[in-house]
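Step one of this worksheet: look at the structure below.
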Amino acid sequence: MGAGTVSRMRLPRSGARRAALSLVAVFALLLGVLQLAVGAADPDASLAVTLFTIVFWVWAVAGLIAWWRRPGSGTGVLLLVGSVAVFLSGLGNLGLPVATAFGAVFATGIFAVTVHLLHAFPSGRLRGRLSVATVVACYVVALVLQAPLYLLPADAGDVRRAAELVQFSAGLCVMVATAIILVGRLRSADRAHLRVLLPLYLYGTLAVLAIPLSTVVLPPLVADPDLIGLVQLAVIEGIPIVFLLGVLFGGYATTGETEALSAWLGAAESSRAAVAVALSRSLGDESLRVVYWAGERSAFVGADGADAPTLDGDPHRRRQEVHVDSRLIGAIDYDSRIVGDPDEVLRAARVLAVALDRERLTAAVLATNEELLHSRLRLVETADRERTRIARDLHDGLQAQLVLLALEAQQLATVPGVAATTAEAATGLRRRIDDSAAELRRLVHGLLPSALVERGLSAAAEDLVDRLDLNATLDARIDDGDLDPVTARTAYLIVAEALTNAVKHSGADRVHVELSTDRGRLVIVIADDGRGGARTDTGTGLEGLANRVDALGGVLVLDSPAGEGTRVRVELPCES
Amino acid sequence: MRVVIGEDEVLLREGLARVMAGDGLEVVATAGTAGELEREVAAHRPDLVVTDIRMPPTHSDEGLVAALRIRRAFPGTAVMVLSQHVQRRYATELLDDHSGGVGYLLKQRIADVGTFLTDLRRVAAGGTALDPEVVAVLLSRAARAGSRVGSLTPRQLEVLGLMAEGRSNAHIATRLGLSEKAVVQHTSRIYDAFALPVDADDHRRVLAVVRYLSEAGGSPTAG
């Protein structure tokens, strides 16, 4: 699997998101243009409308970018909600009755969204009951407590002021609660996160506080109410930019969907360290750890086998266990402040389970394969040992017996005074015993070539080449001491078989044998100039050898095009 | 003539000793391992050493290695090497010092007692005895390699083969049913064909012929 597969798997989802986001962008553009067009009709309001539209667009663009680049985070969505709030509150400037009503209803909505953003950063999801309550309270303050201000008649001065005071006080309470929560988070944040959180919290909190306060504090200092409005808009405009930067560069990079992670895991040769890195990148939590369940120790251990640190004493650390077939195999330790949605970790855990199970199955298959190879090798070795034993027994026992028998037969012929016919018969007997001995010699040599035992592969190959009824040459550039007996024997059998085939089937005039070593492998090449067309599967004896080569982890290549000679090339692993 | 025998198979060792003693050779010591053989040779300084190639402890080529060492340590000691299988490489190694007094035969040749004892005496006298199987390999290699061996008549080839085995002209004549004069004629044509200088010494002549055959076959780069 390569990178191509990964992008193939991501494209459909990215494509769908791209289409959705494009639609939102076009919609935002149209809304803005519509607002500008309506606003242009009223010269007095056109500046305010233009500025509001620009702020609307800034929020919308920030939301789109955040959603596009960090699909795992809800910040983008919240920023888009904020852009809607800006748009609605900006409607008040258009001078149209319905629009003005909308503007009045949603005038303070943007503060609620900003507070929501502060509480939900960086995952875009609220965590902790206090946080949820505060944000809900904030929406109530912004939307419900706003009601008296547009429902009460304009002349109900005292009541309006009272309502304003209630809203202001309630808003202040919300901000105090928010400040407490945010300070708490800052205190428990590590240094790297603090670098991002502190400026973001400060700006967001001050922005929320500054806008209502600026209408109270600034008038004595700044005469122009338009200038005050401008400052307020500039502050509001900064909010989405600050959150976008925080999401993009704050180390909360959640690059991809769990699907992309799974494709990545499938593509990469997932070492355990790589699994943890991929998960950490996918979930945006640099402190994320993958630990493995060591059943025999009943404990979680790291990839290095050392005990994993416990979660005791850190209220923000969470552990998502990973199961395969209801069997505990490991867990993901993460920071709940950074990864807001436990479901995301659960999905990651499922992917991890698949990856770990794949790793386990691969290991199992490899182990089985290795075992199989070992057992095949053992079979070959056992067979070789058996042959060697039989050959030794024949050599030491029977061959010596035949020499002595023949000797005694011959001695009968030389006994003084023996009849000529008896002498002749005795000599004939000796010759027949010699013939049998020669037969036995060939048999023993077939089982255990003397040269191979006495001097090794080069000498044995040389002996084969010497005795061939063909113009045969040998180029041996190997150190026989480097070869173990099984390898040397297999190589010898290959040379013998290939040479026999060359003589019997190829019609070749010459044949060349080459023995060399290349990067820890013995390379055997036997090439003739015969008619070619040889195959490993048709009783040439190469078939059995191919199995033997395979058992040793070697490779046999037969290249025998019709009319162009035959070339057998074998590589065998050898210690060197 | 004093002989030391190296052979690990007890029955065969005794058989050999009996055969040699029967022909008047004096077997001064026998050995079951290559190390023992070298010690006995150093102790007895025999005229002839008869040894098996494969012996304990490794059962590889220690008999041959011992024979070569004995030739270096005690020049002039004749060596007859016996083996269950003969190959060109060992013959070449044994004849490498060009000094004669070397034999290399299949073990089974012992059974043809008369010929074997003749071979032993010839080797002890500085001649050579190469097994017909090794000679056949030498001849066919030389012929295949396109040497002048290919230009010889079948009769000349027969004579050449027996020469290479180390046989005397008289023996060759008897074997082939020729007159000794005819054999001499054949041999001198063979010398001419190989462009070898005529040598009065029979043994040196044979060595030259064997060397010619060995070199004519080409030397594969082995080892």
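The count begins at 1 with the first shown residue.
The backbone N, Cα and C atoms fix where each Cβ goes, glycine too.
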Problem set entry | From A:21-38, A:75-92, the residue range that TrEMBL assigns the feature transmembrane segment | A:75-92
Exercise. Looking only at residues six or more beyond either end of the transmembrane segment (A:230-252), which have a C-beta under 8 A from one in the stretch?
Worked result: 51-52, 54-55, 58-59, 61-63, 65-66, 69-70, 73, 75-76, 79, 82-83, 86, 110, 114, 117, 121-123, 192-193, 196-197, 199-200, 203-204, 207, 210-211, 214, 218, 284, 286, 338
Seminar exercise, completed: Residues outside the transmembrane segment (A:75-92) whose C-beta sits under 8 Å from one of its C-beta atoms, at least 6 past its ends, are 24, 28, 31-32, 35, 48-49, 52-53, 55-57, 59-60, 62-68, 99-100, 102-110, 112-114, 116-117, 120-124, 236, 239-240, 243-244, 247
Exercise. The transmembrane segment (A:130-153) and the transmembrane segment (A:196-218): do they have three or more Cβ pairs under 8 Å, with pairs 6 or more apart in sequence?
Worked result: no
Exercise. Mean pLDDT over the domain 'Histidine kinase/HSP90-like ATPase' (A:486-576): what is the value?
Worked result: 88
For this session: Determine which residues of the chain contact the transmembrane segment (A:165-184) at the Cβ level, with the cut-off under 8 Å and only residues 6 or more beyond its ends counted.
Result: 108, 111, 115, 118-119, 128, 130-131, 134, 137-138, 140-142, 145-146, 149, 201, 205, 208-209, 212
Exercise. Which numbers of helix, strand and coil residues does DSSP report for the domain 'Histidine kinase/HSP90-like ATPase' (A:486-576)?
Worked result: 31 helix, 29 strand, 31 coil
